[in-house]
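Below is one structure, written out as structure tokens; comments come after it.
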Amino acid sequence: MAALQSFHHQSTLKEEIVETEGFTLDGAVDWHGQPAIKSKSGTWVAAIIILVNQGLATLAFFGVGVNLVLFLTRVLQQNNADAANNISKWTGTVYIFSLVGAFLSDSYWGRYKTCVIFQIIFVIGLVSLSLSSYLFLIRPKGCGDEQTPCGSHSKTEISLFYLSIYLTALGNGGYQPNIATFGADQFDEEDPKEGHSKVAFFSYFYLALNLGSLFSNTILGFFENEGMWALGFWVSAGSALAALLLFLAGTPRYRHFKPSGNPLTRVCQVVVSAAKKWRVRVPIGGEGLFENDRKQSPNSGCRKILHTHGFKFLDKAAYISSRDLSDREEEVNNPWRLCPITQVEEVKCILRLIPIWLCTIIYSVVFTQMASLFVEQGAAMKTTISNFHIPPASMSSFDILSVALFIFLYRRILDPFIGKLKNSSSKGLTELQRMGVGLIIAMMAMVSAGIVECYRLKYAQADCGGSGSSSLSIFWQVPQYALIGASEVFMYVGQLEFFNAQAPDGLKSFGSALCMSSISLGNYVSSMLVTMVMKISTVDHMAGWIPSNLNKGHLDRFYFLLAALTVIDFVIYIGCAKWYKCIKLEHKYEQTEEQPESLRV
């Protein structure tokens, strides 16, 4: 006990020295590995560099992705089904690589090194794509628009193209989850002022992402649609290179966290240790459980996590048995028999995050409709004003504008107003509450889309061919795009904040990767739903809900089905949010009770 009290006294003394000298209290270090000085590192100076970097990188990525399906059909002469299938594989690969990038960052490289390496890969992929397109694929020159088809290509040229776009997917996928977390690292959670700035950062990060994609969806999309593919790809490559150089320029200012080793090993150690002691009875309240000091900790540099109730079986891994006592007397510590309570709580955190994460997948199903069925619905509406044709995909600009508007409204108006109503030190809605609001707004978006489809069918032209048409203006889609944008501000921004705040220090990038993998699974679940609906609704030679000619189908019923699924998901989400227990970090400036432990509705 005397030794333990001495250790706590030394820790307190160190923190007082750190605070006096103006160092950060969350364990951040500078470029040289020394404790980061608040006035000379991080904060908004570093964060703004990262935000601009994110905007440029997003412009580069969507400059390729937004019209890649058209490139496959017009330039590589693929049919619609093959092109759609290849796009799905490519998009899914981007999000799978996000898990790879998060693992390497948290385990070995650290976030800065991971961001640099994957951005270099990203630039190489885009330069290779630009060169291969200009030299080999766009032949004859000027082909690839709606009128001029391109010639055939050799297997080598096709292979070079796929190598280029998958290098781009690897670079962007590995970079994305780490840049969001690295930006949040620039703010000290232990400082109240910087802690609030960290929360605001995620809103501006998502805004930067959307502004970058806005340029891609409009300006670059227009040039590529006109057949100027090489120009569009070179602009993307230049934007990615500018993002990399800007990121490197900010190197002296960044704050860093040291990687904490392979998390899979730590998880396995907890499970194995608990299994070996399955007959042990852990004292009520968790008294006497083992906790290492920072020098001996396998993930040194990370803050300690306090014991929480729940998943009591895992507490057995931290129970000090008689054999463990003899091992410690001999200064032998076997992590496969005895784990610190912080390591046990890491596993508990992951297990608690999984139900919340699963509840976000249905939202991602709704979100993916914006890039698929919304576009098909818009194509079957009146898309002209005088002689000007409105590309149906360009309607997503209203989603981006809605995101920008609602970020401003929430940060400047709604958040302070709710904080005053709650009469508490914490501002506005908690992350879990905002994610719940996002689900509700997403349900409203699907109802709006369904109602628009009902009226589109009502005004459908009687004699229509192809994919069907209607005299209803495409601008009736604006409400559903705007609602999706509003829901993103509550769901995806809240999700970024939530997973970053609730993930252990050694798994921060993994938390951000969960957001991206939710979108990936949303794409797969959406595809599965469409397949199931079409299989069921086409019995007895019926056209089905989503036929090629939408005037012969019932797309409105599919939208209403998604609205119903969102309501069910919301009910389940409330239960999961109320069950959720917040992570308890030692020495955090705000007590855990003030954090979003549940969705209070």
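Heads up, the Cβ atoms here are built off N, Cα and C, so glycines get one too.
The annotation transmembrane segment is assigned in TrEMBL to 44-72, 93-110, 116-137, 201-223, 229-249, 353-375, 395-414, 435-452, 514-538, 558-580.
Contact between the transmembrane segment (229-249) and the transmembrane segment (435-452) is not supported, since fewer than 3 Cβ pairs fall under 8 Å when only residues 6 or more apart in sequence are counted. Remark: the transmembrane segment (395-414) makes no contact with the transmembrane segment (435-452), by the rule of 3 or more CB pairs under 8 A. Most Cβ pairs under 8 Å to the transmembrane segment (116-137), among the stretches 44-72, 93-110, 201-223, 558-580, belong to 44-72. The transmembrane segment (353-375) and the transmembrane segment (93-110) are not in contact, since fewer than 3 Cβ pairs between them lie under 8 Å (pairs 6 or more apart in sequence).
Of the candidate ranges 44-72, 93-110, 201-223, 435-452, 514-538, 435-452 has the most C-beta pairs within less than 8 angstroms of the transmembrane segment (558-580). A Cβ distance under 8 Å defines the sequence-distant neighbours of the transmembrane segment (514-538), meaning residues of its chain 6+ beyond its ends; these are 88, 91-92, 94-96, 98-99, 173, 176-177, 353, 357, 360-369, 372, 492, 495-496, 499, 544-546, 554, 558, 561-562. Residues 356, 360, 362-363, 366-367, 369, 374, 377, 429, 472, 476-477, 479-480, 483-484, 486-492, 494-495, 498, 556-557, 559-560, 562-563, 566-567, 569-570, 573-574, 577, 599, 601 of the same chain sit 6 or more residues outside the transmembrane segment (435-452) yet have a Cβ under 8 Å from a Cβ within it.
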